């Protein structure tokens, strides 16, 4: 990572001339992405630390102010667990997904659609943005079907369809939709939906320019190095060699599935650093890993 990105990422004050250089570097990207749609999946430490929450809200507001349509999909697993504990309910997981019975789905709905969603909307508004809270239940935003392991997971759903007309309407009005990942089926049953899966489905349905995962992972590591870009062929080789392993494998495979669905690029960035979202989008080098269909040898770091 170049020294300037390191300074800005750390939260330290960078020299004015260096900040000016970043602004100049950002200009072609601002022009390029005006009118485009970015879907951002917001989760991890960036949702817990007050400084990081404010930084993220500032970043999202700026993206919208320069003409980018921002659609935000958030998680909230820790908040759900805390609320459940206060209500005397224990949280159980199966292969990383929350087992969701009738009692737990009420906790999920109350927590995600209530406190978590509205806190994000409030923060964005405090920084000058115009956000609107949305759940998958509103205007059929997310129609769901039972997941394949419903016998073990209960009311956990997969996305069946997305109401793109409603989301587009909000974006055209200059609003930032903040979407809680719950949905319902044709019988009216409500489902808890994995936020990563919901963000991927929304990005594909909207034919988004980018899907950006704000997480607790810096990107894809090869040894001590963070890959700036990775294409499908490289990923297959790294998985075969064991360089990409464990829980990172499904994330990588999901990213390329989303690319195959028509999304322009997928980005994986670390939300534990201030302004990582802007640095990833508006600098040549970026701060995370972008997933692309194939490598462009003429523009290897092009965001």
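Each residue's number is its place along the chain shown, starting with 1.
Every residue, even glycine, has its Cβ placed from backbone N, Cα and C.
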*For the substrate site that Swiss-Prot assigns to 76, 77, 192, which of 98, 122, 225 is also named?*
98
*Taking the Cβ of residue 98 (substrate binding site) as the reference point, list residues of the same chain whose Cβ is under 8 angstroms away and which are at least six residues distant in sequence.*
77, 80, 91, 92, 104, 108, 153, 156, 192
*Count the Cβ atoms, other than its own, that fall within 10 Å of the Cβ of residue 41 (site 'Transition state stabilizer'), considering every protein chain shown.*
26
*For the recorded positions 77, 192, 251, which Cβ has the most other Cβ atoms within 10 Å, all shown protein chains included?*
192
*Between the Cα atoms of residue 76 (substrate binding site) and residue 251 (site 'Transition state stabilizer'), find the distance and write it as a whole number of Å.*
18
_Take the mean position of the Cβ atoms of 76, 77, 98, 192, the recorded substrate site. Which other residues of that chain put their Cβ within 8 Å of it?_
75, 80, 81, 100, 108, 111, 112, 195
